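Pulled from Swiss-Prot:
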type: BINDING; residues: C49, C52, C57, C73; note: [4Fe-4S] cluster 1 binding site
type: BINDING; residues: C116, C119, C122, C156; note: [4Fe-4S] cluster 2 binding site
type: BINDING; residues: C126, C146, C149, C152; note: [4Fe-4S] cluster 3 binding site
type: DOMAIN; residues: 32-90; note: domain '4Fe-4S'
type: DOMAIN; residues: 107-136; note: domain '4Fe-4S ferredoxin-type 1'
type: DOMAIN; residues: 137-166; note: domain '4Fe-4S ferredoxin-type 2'
type: REGION; residues: 1-26; note: region 'Hydrophobic'
Amino acid sequence: MSGVLIAVAALLALAAVFGAVLGFASEKFKVEGDPIVDQIDSLLPQTQCGQCGHPGCRPYAEAIAEGEEHNRCPPGGQDTVVALSELLGREELTLDDEGAEDANVAKVAYIREDECIGCTKCIQACPVDAIVGAAKLMHTVIVDECTGCDLCVEPCPVDCIDMLEVKPTLQTWGWQRPAGIGERPDSRIEVVNL
């Protein structure tokens, strides 16, 4: 019995020593991140869609901090460009929507379920997990979660995914802003449902 207690005590002592060494090392060799990158990253929509030319929002935030243009995020829209301009103290640019069909039109993925073969490639491609389904079963899109990044369209082997325009509803409709208040004339005023 005493042999077991000695082994347990030795393991506890080793765990305490290694824990202390790791704790000390984590404080001593801590690498400070650039706080501006964190602030930029928090303003980006986190869709990880790659439409900006970077593999995700964090690499794009790092590129912006190093001087790259801050107007290449179609999912974020013009509001994100304005917020980034204010944060960085840079000139306000217009959204560079090259590569995006129409950044001002909200789109959502739609899977024609009768044609879906259940390969799960669209599920793997979706950066926000807006597609549900299982292998060899049909898939469907959770419309409220879909960001319209269209990353699911290309991997589909049977081409059963379409990007459809989101039609205004009573919940999403808004008045056009009057021209001259610092916004584009076609931007909408947010409607708050009480």
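Placement of Cβ uses the backbone N, Cα and C atoms for every residue, glycine included.
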Problem - Positions whose Cβ lies under 8 angstroms from the domain '4Fe-4S ferredoxin-type 2' (137-166), at least six residues beyond its ends - result: 45, 47, 49-51, 75, 101, 105-131, 172
Handout entry: Residue counts (helix, strand, coil, in that order) that DSSP gives for the domain '4Fe-4S ferredoxin-type 1' (107-136)
Key = 5 helix, 7 strand, 18 coil
Fill in the blank from the handout: Within 8 Å of the Cβ centroid of C126, C146, C149, C152, the other same-chain residues by Cβ around the recorded [4Fe-4S] cluster 3 site are C49, A109, C122, A125, P127, V128, A130, I131, V141, T147, G148, D150, L151
Problem - Residues within 8 Å of the C49, C52, C57, C73 Cβ centre (excluding the [4Fe-4S] cluster 1 site residues themselves) - result: L44, P45, T47, Q48, G50, Q51, H54, G56, Y60, R72, P74, P75, G76
Handout entry: Spatial neighbours of C122 ([4Fe-4S] cluster 2 binding site) among the binding-site residues C52, C149, C152 [C-alpha, 10 Å]
Key = C152
Exercise for the section: For the region 'Hydrophobic' (1-26), find every same-chain residue at least 6 residues outside the stretch whose CB is under 8 Å from a CB in it, and list them. Expected result: none
Practice task
Compute the C-alpha separation of C152 ([4Fe-4S] cluster 3 binding site) from C119 ([4Fe-4S] cluster 2 binding site), stating it in Å without decimals.
Solution key: 12
Completion exercise
Expressed in Å to no decimal places, the gap between the Cα atoms of C52 ([4Fe-4S] cluster 1 binding site) and C126 ([4Fe-4S] cluster 3 binding site) is 16
